[in-house]
Amino acid sequence: MATKTCYYEVLKVERTATKQQVDRAYRKLAIKYHPDSNRDDGSATAKFKEATEAYEVLSDANKRARYDQYGHAGVEGATQQYGDVEDIFEAFGDLFGGGFGDFFGGGSRRGGGRRRVRRGADVRCDVTLTLEEAARGCHKDIVFRRRVSCDTCDGSGAAAGSEPVTCTMCGGQGQVIQSAGILRVQTTCPTCKGAGKQIGEPCGKCRGTGTQNEKAEMNVEIPAGVDDGMRVRLQGEGEPSPDGGPNGDCYCFISVKEHNLFKREGQHLILQMPISYAQAALGATINVPTLDGPHELTVPAGTQTGHVFTVRGQGIVDPRSGRTGDLLVQIFIEVPKKLSDKQQKLLRELAELDHDSVLPERTSFLDKLRHFFDPEPEEAGTGSTDTEKDS
């Protein structure tokens, strides 16, 4: 299996590069390796796709963070597979601008002067999950707004009894040719905005747009293992195409609430588990919480604060690979704030055995007063020793 080149090296940017710097670097490489300007270079298409793959990761904050931490393994399966160069321009059209692909003659790739059919716009909704819902998967009711075909004109934009007419500027192609020095650039028609048609008598309800606002409500399935910042795609649930093409998609942006016990790190869960001094010193069998209920864990004698035990398979499933992470139990020894007299006595005996220096026993305030007014006599033998020294 061939080793992949570092994405930062592919785009020729530093690891600290900003999103804007990544965008500029990708545009530069896209122009350099575009197949239409490198017809005699068979490797140009491969380099173009390699740059696109690198850009798709480094331009996305979540994918970039996983790549920085785990390398290519962290984003395996997270990038799109593009059939041809035109698919790339469909995906990153906003970055290049409307006429970028046609600048290199991309229009001929779609059958000469045919008008390009555009997808409908994508929409978004926000979904908040508990950690348990994210781990197991769930069904959620979502509400979002989108534009749909006008129910009065059926999306034509024209009033009843009239029909859209062919655009006189572009001849129905949706695009026009503009000269820029020795270059001829094909761009979206400014008159019909790429639709290829003009509305003579607009619909009174939608005012010629062919769409109307809608509040969409649906129940969606959230797959197990999603993480904060991920997106769930609802294909075809976006807005309609202005050209009769496919609808856009709805993307559900996932937000996962913090848990009061567990902290998530990728597919692993981290739990800080308190145990007593006696349990740490002598060993114990304790019950630790998991998302599936209590789990029995054996703590060997002499366990130190900070030791981590791994409970296999009690983490979060990876929605791409299907592998399940682990529960990492981090031990810390909890020191009691209050001790009974017996507990204090036993601990002092232990300290004496270990030759540990500890604070003396507390003396009550009344004992201190009694000692102040009636101090104890000096120990016998102290005075005679001084006398002997004087002599």
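Note that Cβ sites are derived from N, Cα and C of the backbone, with glycine treated the same way.
Under the DSSP three-state reduction, C203 (Zn(2+) 1 binding site) is assigned to coil, being neither helix nor strand. Among the features that Swiss-Prot reports, Zn(2+) 1 binding site is placed at C150, C153, C203, C206, with the record citing sequence analysis.
C189 (Zn(2+) 2 binding site) falls within neither a helix nor a strand when secondary structure is assigned with DSSP, and so counts as coil. According to Swiss-Prot, the Zn(2+) 2 binding site annotation covers C167, C170, C189, C192, on the basis of sequence analysis.
Residues or ranges marked as domain 'J' in Swiss-Prot (evidence: sequence analysis): 6-71. Note on the domain 'J' (6-71): DSSP counts are 49 helix, 0 strand, 17 coil.
Annotation comment: Swiss-Prot describes 372-391 as region 'Disordered'.
According to Swiss-Prot, the repeat 'CXXCXGXG motif' annotation covers 150-157 (among others). Counting residues 6+ beyond its ends, the repeat 'CXXCXGXG motif' (150-157) has Cβ neighbours under 8 Å at 163-164, 199, 202-206, 208-212, 240 in the same chain.
Swiss-Prot lists 167-174 (among others) with the feature repeat 'CXXCXGXG motif'. In the predicted model, the repeat 'CXXCXGXG motif' (167-174) shows an average pLDDT of 84.
Residues annotated as repeat 'CXXCXGXG motif' in Swiss-Prot: 189-196 (among others).
Residues of the same chain lying 6 or more positions beyond the ends of the repeat 'CXXCXGXG motif' (203-210) and with a Cβ under 8 Å from any Cβ of it are 149-153, 155-160, 240, 242. Sequence annotations record features per position, and here Swiss-Prot assigns repeat 'CXXCXGXG motif' to 203-210 (among others).
Marked as zinc finger by Swiss-Prot: 137-215.
A separation of roughly 23 Å, to the nearest angstrom, links the Cα atoms of C170 (Zn(2+) 2 binding site) and C203 (Zn(2+) 1 binding site). If one looks beyond the repeat 'CXXCXGXG motif' (189-196) by at least 6 residues along the same chain, the residues whose Cβ comes under 8 Å of a Cβ in the stretch are 98, 115-116, 118, 164, 166-170, 172-176, 242-243. Checked against C150 (Zn(2+) 1 binding site) by C-alpha proximity, the binding-site residues C167, C189, C192 yield C192 as the nearest. Calculated from their C-alpha atoms, the gap between C153 (Zn(2+) 1 binding site) and C192 (Zn(2+) 2 binding site) amounts to 18 Å. Under the three-state DSSP scheme, C150 (Zn(2+) 1 binding site) falls in the coil class. Most Cβ neighbours within 10 Å among the binding-site residues C153, C189: this distinction goes to C153.
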